[in-house]
2 protein chains.
Amino acid sequence: MCIDFYFMKIALKEAFIAFYKNEIPIGAVITYQNIVIAKSHNLTETLCDITAHAEMLVLNLASNYLKKKYIKKCTLYVTLEPCVMCAGALFWSQIGRVVCGASNPSKRGFIYSGTKLHPQTEFVSGIMKNQCQALIQKFFFYKRIHKKKKKFI
Amino acid sequence: MCIDFYFMKIALKEAFIAFYKNEIPIGAVITYQNIVIAKSHNLTETLCDITAHAEMLVLNLASNYLKKKYIKKCTLYVTLEPCVMCAGALFWSQIGRVVCGASNPSKRGFIYSGTKLHPQTEFVSGIMKNQCQALIQKFFFYKRIHKKKKKFI
């Protein structure tokens with residue numbers, strides 16, 4: 001849907017913010033009635049907290065905003081397929097829809113690991129896949145170069 | 001080990017605090033060099049946050065205390081087998097040891113769902129199993145009675 005691209009673009013902007021903070025560039029947005037009620041990006045390094053993934057942060061923000069534990073009528077837009085932890089959290093939240101950009105080729109992607117979302121959750125994948133993937137690849141490319149440079153100094 | 005019972009007792013005390021707050025009674029403790037550095041209990045209702053499981057809260061507290069994302073030399077004591085979300089978080093934390101009380105018979109227990117902890121994490125189960133289980137059963141027993149009473153009013 002056209003609207004999915006619109007919201008994924010906002011999530012991608014968040015991922016860019018993470019990139020410039022030297023965080024793994026993943027961004028997420030939660031919408032309710034087609035209005036953004038939460039947006040954030042990966043902050044694991046900044047907060048020194050392995051649970052501070054973009055999805056966890058926006059789930060928390062959305063629950064706070066709606067004053068509800070279960071956010072059945074909301075949609076999550078995230079630039080990378082959620083990990084097992086985030087998929088577990090999405091299950092508890094009973095979120096209505098999850099739209100993701102790039103798929104996660106590592107073993108920690110929730111699809112590979114066999115983790116399931118809530119039966120009521122609709123799942124869509126591949127929205128702006130190339131842009132989302134390119135940003136992550138760029139991040140790790142620079143990381144590798146930086147490591148190699150360190151070796152030679 | 002005797003020391004496991006000692007720390008599980010503290011986790012069980014936390015679970016009791018949750019019980020009296022009308023939260024699902026699960027408590028958790030994280031130790032480092034045999035000293036408690038974090039303790040908490042389930043606060044999903046109080047904080048209106050589905051991610052506020054005891055394990056997530058103590059992971060956060062321990063990371064803050066040690067100023068480290070990875071807490072390889074720590075041990076988690078938790079009164080109930082972690083769910084998929086918490087097991088995912090424990091994987092990222094690379095925690096050294098996980099000791100749990102009662103096992104989780106529901107599909108959301110991490111063992112049933114096939115979720116794996118970090119390969120470096122030692123896992124022990126069944127410490128003070130009966131006491132941990134009894135508290136949870138008591139909680140849901142009272143919940144059912146309360147529901148039935150409501151039906152008759």
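Positions of Cβ are set from backbone N, Cα and C atoms, glycine also.
Now, the feature entries from TrEMBL:
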ACT_SITE  B:E55  active site, proton donor
BINDING   B:H53, B:C83, B:C86  Zn(2+) binding site
DOMAIN    B:2-113  domain 'CMP/dCMP-type deaminase'
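Feature annotations (TrEMBL) mapped to structure.
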residue: B:H53; record: Zn(2+) binding site; CB count, 10 Å: 28
residue: B:E55; record: active site, proton donor; CB count, 10 Å: 28
residue: B:C83; record: Zn(2+) binding site; CB count, 10 Å: 25
residue: B:C86; record: Zn(2+) binding site; CB count, 10 Å: 29
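Cα spacing between B:E55 (active site, proton donor) and B:C83 (Zn(2+) binding site): 9 Å, rounded to the nearest whole number.
In the three-state DSSP scheme, B:H53 (Zn(2+) binding site) is classed as coil.
In terms of DSSP helix, strand and coil, the domain 'CMP/dCMP-type deaminase' (B:2-113) has 46 helix, 28 strand, 38 coil. Averaged over the domain 'CMP/dCMP-type deaminase' (B:2-113), the predicted model reaches a pLDDT of 95.
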